[in-house]
Amino acid sequence: MFPAAVGVLWQSGLRDPTPPGGPHGIEGLSLAFEKPSPVTALTQELRFATTMTGGVSLAIWMAGVTREINLLAQASQWRRLGGTFPTNSQLTNESAASLRLYAQLIDLLDMVVDVDILSGTSAGGINAALLASSRVTGSDLGGIRDLWLDLGALTELLRDPRDKKTPSLLYGDERIFAALAKRLPKLATGPFPPTTFPEAARTPSTTLYITTTLLAGETSRFTDSFGTLVQDVDLRGLFTFTETDLARPDTAPALALAARSSASFPLAFEPSFLPFTKGTAKKGEVPARPAMAPFTSLTRPHWVSDGGLLDNRPIGVLFKRIFDRPARRPVRRVLLFVVPSSGPAPDPMHEPPPDNVDEPLGLIDGLLKGLAAVTTQSIAADLRAIRAHQDCMEARTDAKLRLAELAATLRNGTRLLTPSLLTDYRTREATKQAQTLTSALLRRLSTCPPESGPATESLPKSWSAELTVGGDADKVCRQQITATILLSWSQPTAQPLPQSPAELARFGQPAYDLAKGCALTVIRAAFQLARSDADIAALAEVTEAIHRAWRPTASSDLSVLVRTMCSRPAIRQGSLENAADQLAADYLQQSTVPGDAWERLGAALVNAYPTLTQLAASASADSGAPTDSLLARDHVAAGQLETYLSYLGTYPGRADDSRDAPTMAWKLFDLATTQRAMLPADAEIEQGLELVQVSADTRSLLAPDWQTAQQKLTGMRLHHFGAFYKRSWRANDWMWGRLDGAGWLVHVLLDPRRVRWIVGERADTNGPQSGAQWFLGKLKELGAPDFPSPGYPLPAVGGGPAQHLTEDMLLDELGFLDDPAKPLPASIPWTALWLSQAWQQRVLEEELDGLANTVLDPQPGKLPDWSPTSSRTWATKVLAAHPGDAKYALLNENPIAGETFASDKGSPLMAHTVAKAAATAAGAAGSVRQLPSVLKPPLITLRTLTLSGYRVVSLTKGIARSTIIAGALLLVLGVAAAIQSVTVFGVTGLIAAGTGGLLVVLGTWQVSGRLLFALLSFSVVGAVLALATPVVREWLFGTQQQPGWVGTHAYWLGAQWWHPLVVVGLIALVAIMIAAATPGRR
């Protein structure tokens, strides 16, 4: 990552001393780059597996990142298609310029980019769904800015206080689900739709995973060491959409429902309902819900909530999907973990004060800190899990290498695999598969209703006994499935080890995937040593041959396999043990690998043997270079390749000999199964990848004062709901999402290994320029700005002196291009920091005026949101500034991100928001069915008062002076009516007086916080005095004929003399708790 002394993940930034667009501005860019060069076998394929996670209004920042990924993907599509840029493109000039820049950079680096696997959690699920849909349909996502600016308005998301039922504070189905269901099928077509591609490439491989949380879990079972039945309730839900699903227009409602179901933060949004096999019809503003059985492994309908409530990231299935993707050229795999912030970074210069026992946390502070801790720990757990996976992959790769090294020393004809090791492998793998199948089977059976008639969805009576308490269904199923798998994988006594391709094929897909992984490990070591175009092309051909040897069919989900098996009449009439046996047989049939696939796998390496031998022999023998240098890496890779080749044997490089390919196949089988026999049963497939966290905790050259998500994003406030409050706040977060996203993508694209390869192939090594100078020159041609004389100012680190980024620093960073003995860095952050300005200038040209307009005139025809004077002054300066340095520099002065709810306290928008939120919250509290009857009258009164107050605030448009006047008038008239003896007048007057008092308090709070508590005290006194009014007195204490509310609902109050004292004590306790919740007030 970018250098940082305080642990923050730095990232490329922006500043441009050149005129608008620089010498390579928008017009210059369009003239400089007409069409990309053709894609060849030497072109590198950069594949992004993108995981998005983050809550509620932080979705807007993630949407900005999504927009940049979408532009990069479209640029890659342009390079694959070739030709000139379409003249009928609907992109804005600035977006088209950004797309061209991405196309120029990947053309310079000779790569294409593929965003093929995506996953989303919580609000990240919405953006992941949009990005996945755009990939398959060729849509342009520029329009999601307006989608989020409109959809995210808090005053629109808040439920109407007049609703009869208020299950949450915000509309989930009526707003979020409805908007997504409407907009997903109508995304604007981009300049490179799939219809322009050849038939085979029209539906690019795409897999989308979206998580959710089940409110009523699905139960499976297992037994402990003593045979005791343990109920395992699984609350994790996972939606899966493939490219085939995403290409069908009728999938859009299911995709919208999945995204809405993941973004269902409790209390804020109501739970989402998932139909299973039968959808639900449209009801009011809620669209029709489709059946979700094809897209999830659930077994019945469910109410679900936010996907981020549990540690529910589909890491395992994501890695498996990565492994299954075939390749035809060199592939670099990167996992983009998109999260607005993983938490505040420790700053030794500003260490927070230690916790003090004499300063206890209040009720609200403790609650908010607890929620923040859960969120932060969840994100950190994800990153740790991925990092742990990487560490495990490295350890397993090392173990595989040492096994090959050991096997190479064995006597000729002695195999690495022994019968005992094969037995261990069979037992471990069969046990693992049996546990998975048993869990899926019992999960299905636990949700089946008792058998009543011929329905195939019910539980057969013959299975019921083993599923009751004290039954041994788990043990019976596991043992039977294990036995069936072991029988299928058994060897004849006379030949304890498999040798022919047909014998290897009996071990199914798990063994084949392991052997395929071993073959790819050999090729990865060879790629490190490749220097010429011919070597790269040869290795790319071998990689494609390995993937082409056998491509697994799209296997159905286990839940589908179980449901199909359980519906067969013959199975239902038999025993549960027979059902488990049939399930294992169906599973083995589904994972069958043909024998000739093993032969083709072996032949791929046999054909490549001369190339591999030549690469190992030509590597440098110098091992004294620094550990991370190119020479040292070549030395290590050569040693690994020689070890594998020594184990695999000697081959002429032709698969004509019928012995060569089968021999190579069983040697791969031996290496794979021996390694797996020594690993835990739950060991995953070895699939290495780079992990890059894309966050807002980054710095920039144009805005050096903005370094963290807490500083930049309004969505970090109010437990991540902040950006919903104001349109300008949403526009601010969207802009920062694009700025941050562009910088991160440039950083990832500038892979030092690829840059070194390009410089070695294209730079003139005999010319006057060094490789580093040649590459910097190419980046300047692309659009990177020239350096100012003192360099770009950088923020001071650790209280030290100010620093400047200079061209010499970049040349030093790129020194590895000319000296193979220098360490090869993991990334080149300073170069990316400087280059990313070319993109970020285009972003500012498109977004800065838009942000200013949301401050001054957020929506034409509507009253503007109130903003502080500093924000309005800044917005005016932005609109008046000419494009170029002066305008870009205004980003560092951006006051929008610095606005807070406190600074907006006196605004009409705040008054309207508070009034509506209070009325909605009162309605939500009154909608709780489990409320004791004694609490219902006070809540009804509270709802009446807050609803009346909201209506008056709507009429006064939230203006403080008008609100106070209206409140005072209602207060006077209400008191006059309340003291009358007529019941109707008394009740109406009391409500009017309460509403008036509430309005006076609200209006006064807008003007001055100092008067707030005085007015609240006045309101309390007024409430006490109201007890003397006839209406309240009779309502509470009744008359001779009627007992009143106290006599009906609180008769115990007068039953003993000390009961009223208890009530007074409880009131005092509440007051103490409120004081404890705000310990800062004295």
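Just so you know, glycine gets a Cβ as well, placed from its N, Cα and C.
Residue ranges 120-124, 310-314, 375-379, 555-559 are listed, and Swiss-Prot annotates 120-124 among them as motif 'GXSXG'. Across the structure, Asp306 (active site, proton acceptor) and Ser122 (active site, nucleophile) are spaced 6 Å apart at their Cα atoms. Every protein chain shown contributes to the tally, and the Cβ of Ser122 (active site, nucleophile) ends up with 30 other Cβ atoms within 10 Å. Neighbours of Asp306 (active site, proton acceptor), defined as other CB atoms within 10 A of its CB across all chains, total 26. Here the motif 'GXSXG' (120-124) is broken down by DSSP into helix, strand and coil counts: 1 helix, 3 strand, 1 coil.
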